[in-house]
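Notes for the one structure printed next.
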């Protein structure tokens with residue numbers, strides 16, 4: 001039995017994604033959405049695993065609680081300081097974070113864009129940004145710079161990972177790939193980044209996703225950038241990493257991303 005925990009959770013596409021993965025290997029899979037009260041995650045998760053649960057995905061706002069709940073953490077979960085995947089095996093609860101590797105696979109495999117030797121600009125210094133820094137650095141980019149509205153947050157996070165940081169209004173226009181890890185698109189807001197910075201980038205990636213272009217991608221399009229991608233591919237790719245951990249099978253992410261995109265358009 002598998003599940004995704006969150007609040008809210010009704011919008012989650014994780015059940016459809018994991019069922020699509022299971023269909024690739026003709027596996028029968030029980031995967032449910034679990035709505036959890038804000039102060040009840042630890043109890044609900046323990047009950048789930050005590051009653052036959054094998055694996056769980058964890059979404060907002062419970063990733064930090066899942067980090068504390070796990071008995072053993074993977075290196076990428078330790079680096080992210082958050083857990084989005086739990087796995088009960090051999091009598092202990094393993095905590096992993098597949099967000100960052102999902103982003104890397106989405107960019108490199110689905111978009112055919114090499115992060116190696118590229119100059120990366122990461123917008124945002126919250127949990128979403130923290131979860132992807134180490135996997136990005138493992139691709140050996142030429143540089144990685146964090147920019148954030150609250151400059152102090154960018155500085156602290158950058159110093160933790162020995163990368164660069166700057167103010168949003170002081171970004172130099174020399175980045176190959178720009179990744180939006182802020183919640184701006186969720187709130188329908190633009191990010192205060194100069195158009196020339198966006199125009200010079202070879203790839204603009206928004207970790208948020210929507211049926212149409214997100215506000216950040218519209219902002220980049222207006223600046224003249226033509227290679228745009230939203231976070232649906234990352235969602236599918238991070239789910240694939242969870243699925244592989246649980247089942248030992250690496251699913252094809254391209255076909256499932258395409259399937260989810262079609263379902264979004266029809267919904």
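Glycine too: its Cβ is placed from the backbone N, Cα and C atoms.
What TrEMBL says about a protein is an automatic prediction, not a curated fact.
Annotated domain 'Shikimate dehydrogenase substrate binding N-terminal' per TrEMBL: 4-86, in sequence order. Averaged across the domain 'Shikimate dehydrogenase substrate binding N-terminal' (4-86), pLDDT in this predicted model comes to 96.
Under the heading shikimate binding site, TrEMBL lists 12, 13, 14, 59, 84, 99, 209, 238. Mapped onto three states, the DSSP output places residue 209 (shikimate binding site) in coil.
The active site, proton acceptor annotation in TrEMBL covers 63. Cβ neighbours within 10 Å of residue 63 (active site, proton acceptor), excluding its own Cβ and spanning all shown chains: 25.
Residues or ranges marked as NADP(+) binding site in TrEMBL: 75, 124, 125, 126, 127, 128, 148, 149, 150, 151, 152, 153, 207, 231. Proximity of residue 75 (NADP(+) binding site) to non-local residues of its own chain (separation of 6 or more, Cβ distance below 8 Å) is seen for none.
According to DSSP, the domain 'Quinate/shikimate 5-dehydrogenase/glutamyl-tRNA reductase' (114-185) comprises 24 helix, 19 strand, 29 coil. The domain 'Quinate/shikimate 5-dehydrogenase/glutamyl-tRNA reductase' annotation in TrEMBL covers 114-185.
Note on the domain 'SDH C-terminal' (231-261): residues 2, 13-14, 16-18, 20-21, 24-25, 27, 54-55, 57, 84-85, 87, 96, 98-99, 101-103, 105-106, 109-111, 205-209 of its chain, located 6 or more positions outside it, place their CB under 8 angstroms from a CB of the stretch. As annotated by TrEMBL, domain 'SDH C-terminal' applies to 231-261.
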Listed binding-site residues (148, 150, 238), ranked by Cβ neighbours within 10 Å, top entry: 238
Helix, strand and coil residues within the domain 'SDH C-terminal' (231-261) as assigned by DSSP: 25 helix, 0 strand, 6 coil
Shortest C-alpha distance to residue 238 (shikimate binding site) - which of the binding-site residues 148, 150, 207: 207
